[in-house]
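S.K.: Provided herewith is a single structure, encoded as structure tokens, for subsequent inquiry.
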């Protein structure tokens, strides 16, 4: 629009083409064309994959990279199927079976290859780096709950992945894990699981066919909650499972730990998980303050070993009987 002049001859501002407001928390306008510094925008709606709205309700491409906490979250989601694989392999392998170790290594190989392939197929394709949008708040994970209804009748669907690609990359990883397991594990188990019965040798694979759908639903429904809570989940689970394992294995002293190498492997695995949780909480932003916290990793196990002899049920019952 051309400039207009008032009665006093002063230039009035040019008329501006005012577009209707873009309602909704995650609705935005896509950039149709760019001519120098002038951008042309489309109608208000859903942003394409790999983009999210900025402060001006314009869809902008995600050009950042995951920060340290984002990688720790992805690492946690990648560890879940591996830990479950190991648990069920150990559960169904039996004490006399010599195939458990090879199955553990195979599960680690499957999950590692799945993680690498997932990164390679993510944007940018062929690179282990991924571009992402920054997570700002919990609602970024649940954009489907914030579709606006301007006239309370028609709903404008603006659901998109505002946390690209932290939400969908987990599903892709689980899919590759499942495919690799189905390709490798049955042949391996059929050849090496000689110490198990025909009905038992494939139970660890059947268990995976159950927990993968459960993990998928968990990510779909609680991905945002897991993103903020996973460090504390790791700490609690590592403490509880370590106490349960040491109690079930009747470990009451350091000597009991040294009797079997398997117990030391389980102990060090829990220590690694505990350290992972501490690192996830602190994010190691200040190394001089956060690194000393890792000295607390062995504390729960040491506390258990030092107090186990005082909490033995038979001893408590015998002392209670003597008191009467």
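Quick reminder: no glycine exception, Cβ is built from N, Cα and C everywhere.
Curation plays no part in TrEMBL annotations; they are all automatic predictions.
This is the feature table in TrEMBL:
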- 71-89: transmembrane segment (TRANSMEM)
- 164-184: transmembrane segment (TRANSMEM)
- 205-226: transmembrane segment (TRANSMEM)
- 232-251: transmembrane segment (TRANSMEM)
- 263-279: transmembrane segment (TRANSMEM)
- 291-308: transmembrane segment (TRANSMEM)
S.K.: Can you name the far-off residues of the same chain, 6+ from the ends of the transmembrane segment (232-251), with a Cβ under 8 Å from a Cβ of it?
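M.R.: That would be 76, 226, 257, 263, 266-267, 270, 273-274, 276-278, 280-281, 300-301, 304-305, 308.
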S.K.: With CB pairs under 8 Å as the measure, which of the listed stretches 164-184, 205-226, 263-279 comes out on top against the transmembrane segment (71-89)?
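M.R.: Looking only at 164-184, 205-226, 263-279, the most contacts with the transmembrane segment (71-89) come from 205-226.
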